[in-house]
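As recorded in TrEMBL, the features of this protein are as follows:
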REPEAT    69-102  repeat 'TPR'
REPEAT    189-222  repeat 'TPR'
REPEAT    223-256  repeat 'TPR'
REPEAT    539-572  repeat 'TPR'
REPEAT    573-606  repeat 'TPR'
Amino acid sequence: MKNNLVELLNTLHKEDKHQEIIDTIEALPNQEKTSEIIGILARAYNNVENYEKALELLKSTEDIEKNTHVWNYRIGYSYFYLDDCLEAKKYFLKAIELNPTDSDSHLFLCWIYQELSNKENENYEKSIEYINKSLKYLDIYSKLAPEEDIKDDYILSEERIGWLYNKLKNYIEAEKHLRKAIDLGDDDEWVYSQLGYNLRCQDRYEEAIENYKKAIELGREDSWIYSEIAWTYFLLGKSTEALEYMNKAKELSPVEVDPLLVSRTSSILVALEKHTEAIKILEEIMSKEEYKDNIGILSDLAYIYDDLEDYRNGLIYLKRANELGRNDFWINREFSFAYYYLGEYENAYKYLVILKDLGEEDIKLDLMFAYTLGKMKKYEEALEYYLKLVENDEYKNDANTNYQIGWIYSDFEKAEDALKYLFKAEELGRDDRAINAEIGINLAKTGKILEGMDRLKRALTMEDNITLDDKIFLNSEIAFWYGELRDVDNALEYLYKAEELGRNDTWINSQIGWNLLEKDLHKALEYFDRAKSLGKDDAWLNMQYGFAYSKLGEYEKAILYFKKARELGENNSWLLYQLGLALKEYGNIEEAIDIFKEEIEITNYKGFGDLQLAWCYALIDEKEKAKEYFENVDKDLGSSLEKDEELKKDYNTVNELINSDIYFN
């Protein structure tokens, strides 16, 4: 009887007569409802979608049936359709443990892991983990049931993985799975839309547009796809085409105002130099109550004003967006740019620090730090960032970065280091007035003055965009180095050019005066007076006054200026020697002796001070002391005496004084 009943029930099951099965079993006396019959009844309830009743029946036989494959399959089935995937998973796993060849349990596990993947929301890594498990069970199912067509399940899984990797911004991996879905026969608008998006994110814009248009061919006709094509054309630099597709996107938009479309439209208009039109669109939208505090629109307005280099107005919108809560990389970067171009470098630096604290790792942040610190004249800190930049492949062969490093080393008076980077910048293609000037200055500083001046002269011939200040600077610099060579004629030629161009500061008047010392002492003093009237009254100028008056024989004035130079902190051997000479000529022999004694202690030019001391002691008839110092002259200046007639003349004068019986007072 029992076997006949089971056979009947199975026949009814094959005929999909599930309600008849339920009616038949429910009519049986309880004593005839064995665990097997109850299992068949639960199956019927599952098939009429009364999963709660099926679950109740299955749980009533749990003690007897829990270690059977069919019971675990049926209860897993109930839980699955009750949307309790975790419970369903537990029983299907038990089912395949009890019967590894059960194909349906493997298929359900594939679906369960797909559902678990879908429920992970923003946890894309976990979602991928689930979808890969889904594929694992699908692969097993395909082997257990090779006659079944499961291509769509494979396509769905590959689409899902591709979408998830897109979300994780792992676009290379995403592309592999999206293309695999297409290779499996996927030919719907969704996969081509996703592949287009993926390729756009890889900066492969032409390919992206091709796939977006394929999605349109397959029937996609909505705002999103046209907006994406528009934006891709914009990124390609084809703004006219971009605007055409963006207008189509707006026509298809289901809402009156789509903030994304508005933002993209404004960017495209800016690229087309239609800033006024972009501002008008954004301001019209902001006039609506619901959009007056829209952070995106405020940010777009800030961007437009910044692009117009109207940074003050840009800051108004940046500050409003910031007050409303925007505090991401973009807004802090825009703040730093705006303040930088407004010359408010301290504020620019503050926002760069915020970017760093937010975790910004783009190498361009180091570039922004370098430029800003340079403008703040914090060159040591700027140099650290520049040196870090040239370790990076993107910047190691960047001419401007190498130039900036060279410029800073030049400012640090490290000419050799400066030239290393300046020459590298030149090799990389930089050949303008600024780099030739810097190379020239640093060559001169290393002793290659003639080479350096050639570079400076070359810079002066580069007349493109040359300013008056450029001409003044270069003429002054060339003059300075001619002066260092004591080629006073050429020095004065370039100094006078700079003066004619309008330079009239303490430096040029001092330099002209200094070079005139060898040509016209009175004219030199006129230029020194000009420098003094402009505020220069340092030790150097007082030393030059002293030298000029000494040469004119006005020793009293000379002594006053030399002594003032000492009061101002200068005490070099040249000053002491010149002061000693003036004192000697003025007749202050004792004081001159004291000064020359100081001089010979610090000078690198041995013998000259000894000659003057011998002279002074001879003048006051202290011949023994005179001889003592005179011996040093023979020792230190022997070779010079043969070449220098003036020196030889002084030597002979002192020698005569020492050997004379006459007392000079």
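The backbone N, Cα and C atoms fix where each Cβ goes, and this holds for glycine too.
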Task: Contact set, same chain, for the repeat 'TPR' (573-606): CB under 8 Å, 6 or more residues outside the stretch - done: 539, 543, 546-547, 550, 553, 555-556, 558-559, 562-563, 565-566, 612-613, 615-617, 619-620, 632, 636-637
Open item on the list: Can you break down the repeat 'TPR' (189-222) into helix, strand and coil residue counts using DSSP?
Closed with: 26 helix, 0 strand, 8 coil
Open item on the list: Mean pLDDT for the repeat 'TPR' (189-222), rounded to an integer?
Closed with: 97
Task: Chain residues in Cβ proximity to the repeat 'TPR' (539-572) (below 8 Å; excluding those fewer than six residues from its ends, i.e. six or more beyond) - done: 510, 513-514, 517, 521-522, 524-525, 528, 531-532, 578-579, 581-583, 585-586, 588, 598, 602
